[in-house]
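Listed in TrEMBL for this protein:
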type: ACT_SITE; residues: Glu336; note: active site
type: ACT_SITE; residues: Asp419; note: active site, proton donor
type: BINDING; residues: His335, His339, Glu415; note: Zn(2+) binding site
type: COMPBIAS; residues: 300-315; note: compositional bias 'Basic and acidic residues'
type: DOMAIN; residues: 41-225; note: domain 'CAAX prenyl protease 1 N-terminal'
type: DOMAIN; residues: 229-472; note: domain 'Peptidase M48'
type: REGION; residues: 298-317; note: region 'Disordered'
type: TRANSMEM; residues: 20-38; note: transmembrane segment
type: TRANSMEM; residues: 77-102; note: transmembrane segment
type: TRANSMEM; residues: 122-144; note: transmembrane segment
type: TRANSMEM; residues: 171-189; note: transmembrane segment
type: TRANSMEM; residues: 195-216; note: transmembrane segment
type: TRANSMEM; residues: 357-379; note: transmembrane segment
type: TRANSMEM; residues: 385-410; note: transmembrane segment
Amino acid sequence: MGMWASLDALWEIPAEKRIFGAVLLFSWTVYLWETFLAQRQRRIYKTTTHVPPELGQIMDSETFEKSRLYQLDKSTFSFWSGLYSEIEGTLILLFGGIPYLWRLSGRFCGYAGFGPEYEITQSLVFLLLATLFSALTGLPWSLYNTFVIEEKHGFNQQTLGFFMKDAIKKFVVTQCILLPVSSLLLYIIKIGGDYFFIYAWLFTLVVSLVLVTIYADYIAPLFDKFTPLPEGKLKEEIEVMAKSIDFPLTKVYVVEGSKRSSHSNAYFYGFFKNKRIVLFDTLLEEYSVLNKDIQEDSGMEPRNEEERNSEEIKAKVKNKKQGCKNEEVLAVLGHELGHWKLGHTVKNIIISQMNSFLCFFLFAVLIGRKELFAAFGFYDSQPTLIGLLIIFQFIFSPYNEVLSFCLTVLSRRFEFQADAFAKKLGKAKDLYSALIKLNKDNLGFPVSDWLFSMWHYSHPPLLERLQALKSMKQH
């Protein structure tokens, strides 16, 4: 009887309060689960102080200790930033931050002569204020991460001036894309009739394809310098490899990532017959500014404070970021091109668009439910933008968590397949050494808790990839 009575009492609570409570409960459940996983991984960082025997050939004890301390610092930072984020989100919900910001946006619109009937204009002011709030509250955390943690472990290459200029530029560029796209989306939802969800989905599909097409040519160069890879052996070998698998390569760029960070990367982009490859200068041993700096420093003749200078030079040479040799760069690209050849990119786009369509369809089903708006403090009005925010961010959060985990599992599968593809190109040995170098350069910690890695890692742990490549090399 007691259980049924408590269930009856629960159903007597107004629907909007039940929805609000469920959203908060789920948010904290996910937070506690993530914290539990992070603590398991943190225990690994704290207790694994010596290189395990199976990693003896892969990692020296000095690099192992450096990566352990780096990951420990990142883990501490992640704990505090995550806790802050969760508390901030909870307080915003409890104290009606969303309806308050909506009313404030309406007030600003009123000052400019726009009444409540200008809902799209009010929505754009709301978005501007919300993203400004998010940027300002996130700034101290970003500054600490860059200038304390990344700096301490030798990754940060930015000055404070560069960082701030970059942050302002990012904010402005984001608004230039976000505001026009949002206004058009809201307009389509308003005039689309019963089948607005199909038009809204098609619109977001077109926008995402356009952004992917223009990103590297028009948006990325606003932040980083892209230069064509100079003529030479590496470029020739890249072109030969691309041709051998019918990859329609048109250009190869080197991006000056070293002015921002010494982390390394490589990617390709473009549609149909117009593909480009982008290599970070930190990936290339020959082109890395960091390596050049070290060579110049080590060639300096000692002058005053001779001992101190020589100590600095020794430290710099010791901390040298290796980058990869040409053969290893080709192996990394063989892996990346494997994603294209095996259709991973297309599969990811299809999954993403199917998910997008499903979300818009469910949004169309739920948008008429006034209790959803009432749950978040909107009793008299049901603005479309607020409906999108409530449904996509809060109501869909359980579904989003499950989908995210499934995509992580799929991503790991794709990574093994791309490694196997690089092996077919005869690159197993070079990819093996490249993965070790990249792990060392980026101070990746090669030991992980099984549950943490299963939930979070989009790439398989280093040891698993190396073991798979080793069996390939033997074959």
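Positions of Cβ are set from backbone N, Cα and C atoms, glycine also.
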Checklist line | Cβ-based neighbourhood (8 Å from the centroid) of the Zn(2+) site, residues His335, His339, Glu415 excluded | finding: Glu336, Gly338, His344, Phe414, Gln417, Ala418, Asp419, Phe421, Ala422
Next item on the list: Select the range from 77-102, 171-189, 195-216 that forms the most Cβ-Cβ pairs under 8 Å with the transmembrane segment (20-38).
Entry: 77-102
Next item on the list: Would you count the other C-beta atoms found within 10 angstroms of the C-beta of His335 (Zn(2+) binding site) for me?
Entry: 24
Item checked: Between His335 (Zn(2+) binding site) and Asp419 (active site, proton donor): CA-CA distance (Å) -> 5
Check: What is the number of other Cβ atoms found within 10 Å of the Cβ of His339 (Zn(2+) binding site)?
Finding: 20
Note to self: Measuring Cα to Cα, how far is the residue listed as 'active site' from Glu415 (Zn(2+) binding site) in Å?
What the structure shows: 9
Checklist line | Those recorded positions listed as Glu336, Glu415, Asp419, and which of them has the most Cβ atoms within 10 Å of its own Cβ | finding: Asp419
Notebook entry, point to check: In the same chain, who gets a Cβ under 8 Å from the transmembrane segment (357-379) while lying at least 6 residues past its ends?
Noted result: 14-17, 19-20, 23, 93, 96, 98-99, 102, 196-198, 200-201, 204, 386-388, 390-392, 394-396
